[in-house]
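Trainee: Sharing a structure here in structure tokens format.
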């Protein structure tokens with residue numbers, strides 16, 4: 001009997017260690033975890049401003065996704081590719097970066113206030129807001145008209 005409990009406890013420990021770190025449990029249902037942050041692709045068409053507002057309403061500290069490294073860029077690209085619902089509006093997906101802030105000054109930070117540490121621009125021409133382009137498998141940043149509605153990815 002004692003040995004059976006010991007074996008059962010041992011199997012439980014092995015199962016828990018194989019099931020991961022539990023980081024996914026920190027995310028809301030339907031969100032994906034990556035290096036301490038949670039992400040979700042929304043198949044809703046919104047302007048950049050409306051998408052940012054929507055993200056801030058999802059959870060405390062929510063914003064359009066900020067991409068701080070190539071590793072995070074690859075994670076977001078895969079997440080978008082796997083979760084975007086194909087329509088004519090899926091050529092672009094908003095990210096949390098604007099070429100100019102609301103006061104028409106050049107922005108040097110993401111919508112969550114973090115500094116721009118990683119860049120992956122595809123164009124130099126500015127249309128004020130940035131998104132990921134399907135043609136680049138959602139890996140390159142492209143300038144877009146802020147007033148056009150596209151799908152988006154939130155990060156908390």
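The chain as shown is numbered from 1 upward.
Placement of Cβ uses the backbone N, Cα and C atoms for every residue, glycine included.
In case it helps, Swiss-Prot gives these features for our protein:
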SIGNAL    1-23  signal peptide
DISULFID  27-38  disulfide bond
DOMAIN    34-155  domain 'C-type lectin'
DISULFID  55-154  disulfide bond
DISULFID  129-146  disulfide bond
Trainee: Validating a neighbour-count step here. Other CB atoms within 10 A of the CB of residue 38 (disulfide bond): how many?
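Mentor: By my count, 21.
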Trainee: Return the member of 55, 129, 146, 154 nearest to residue 38 (disulfide bond) in space, with distance defined Cα to Cα and candidates limited to these disulfide-bonded residues.
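Mentor: Nearest in space to residue 38 (disulfide bond), counting only the disulfide-bonded residues, is 154.
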Trainee: Judged by the number of other CB atoms within 10 angstroms, which among 27, 55, 129, 146, 154 is the least packed of the disulfide-bonded residues?
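Mentor: Lowest Cβ count within 10 Å among the disulfide-bonded residues (27, 55, 129, 146, 154) is 27.
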Trainee: If I take the alpha carbons of residue 27 (disulfide bond) and residue 154 (disulfide bond), what is the distance between them in whole Å?
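Mentor: So the alpha carbons of residue 27 (disulfide bond) and residue 154 (disulfide bond) sit roughly 12 Å from each other.
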Trainee: For residue 154 (disulfide bond), what is the secondary structure state per DSSP, taken as helix, strand or coil?
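Mentor: Strand, per DSSP.
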Trainee: Between residue 55 (disulfide bond) and residue 129 (disulfide bond), what is the CA-CA distance rounded to a whole number of Å?
Mentor: 16
Trainee: What whole-number Å value do you get for the CA-CA distance of residue 154 (disulfide bond) and residue 129 (disulfide bond)?
Mentor: 15
Trainee: Hey, does DSSP put residue 55 (disulfide bond) in a helix, a strand, or just coil?
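Mentor: Its secondary structure by DSSP: helix.
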